């Protein structure tokens, strides 16, 4: 993922530093001594007050998410223990924290078997094994160092600014629900491989930035520039998802979930509305309502669509529905085949022969065979070696 701008797209907001008139009641001002040395104001006089900026929150949740993701990656590498289960490990000086061979995992990370043990999304286990919790745990796992680095940099650039503006509760809910929504859509279309990563949650934050811009339209000064900048970033990041081995379904599902939730969770009072507790004595508040009608309509519509979408998606998933059977072109959303790469990933199978002190594997796909010095190889070892041999 690329770096994302802060949620205001570096554009000034009118509500932060604008000056607007507030009518003053003459009798109240006179009794309190007024502002001008005890002199009363006429009923038609007006005073100008600087609007207070929105409350800024101290960001602690997003850095905590960052630490949790890094810690879980280290734990996954410890569980992986490449020297025990494979050969030709990358950076073998790291011992059990060394990486799987590049042919098996070019992202510098663990094997798919280790990710599965840690709770990766695998549709067969989610549906048939009734392990729905994998739709949540997969958000916290990453396939390699490069995968982790890209997602965590994006998390810091997007998440910290959003948490400063909207607080840890709303941004935490956005992150988790968007990640869950992304995994639900991914599970409907990707049936034969595991999926991990925080990309769906991060795209949810990006989608929420767009809906926040739309629902709080009146507080932005350079509206068109902010909108075009954000749309360009969204298009570029979604375009990256059409490359092979990138789960763009999770990106699209997370983005859509975050976009809808942004109308619900990130709505601000309209410009010119003043909270009663912030009005000094003698000031006559504006009669403006707290929210505009279009904000209320967007909130209700987004809430209904979110509930319906999650309900339909979960019912389809746990009934074993394959989304590809109902959408013949949807596979192009995640990968577009070219002369440089193919999108179809065939299941990997190997024939194994275990001798006294060695394991002989033959890949069904390409016919390659190799002998490994593994007496009494475990199922996990055979899977990892088979994947490497067939790559």
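Even glycines carry a Cβ here, placed using N, Cα and C.
Annotation comment: TrEMBL describes 130-267 as domain 'Peptidase S54 rhomboid'. Per TrEMBL, region 'Disordered' is recorded for 1-46. Annotated transmembrane segment per TrEMBL: 57-78, 139-160, 172-190, 196-217, 224-243, 249-267, 296-318, in sequence order.
Taken together, the residues of the domain 'Peptidase S54 rhomboid' (130-267) have an average pLDDT of 90. Nonlocal intrachain contacts for the transmembrane segment (296-318), taken as residues 6+ away from its ends with a CB within less than 8 angstroms of a stretch CB, comprise 123, 126-127, 132, 181, 184-185, 187-188, 211, 214-215, 256-257, 260-264, 267. Nonlocal intrachain contacts for the transmembrane segment (249-267), taken as residues 6+ away from its ends with a CB within less than 8 angstroms of a stretch CB, comprise 166, 170, 173-174, 177-186, 188-190, 195, 197, 199-212, 214-216, 234, 237-238, 241, 291, 295, 298-299, 301-303, 305-306, 309, 333-334.
Secondary structure of the domain 'Peptidase S54 rhomboid' (130-267) per DSSP, as helix, strand and coil residue counts: 107 helix, 2 strand, 29 coil.
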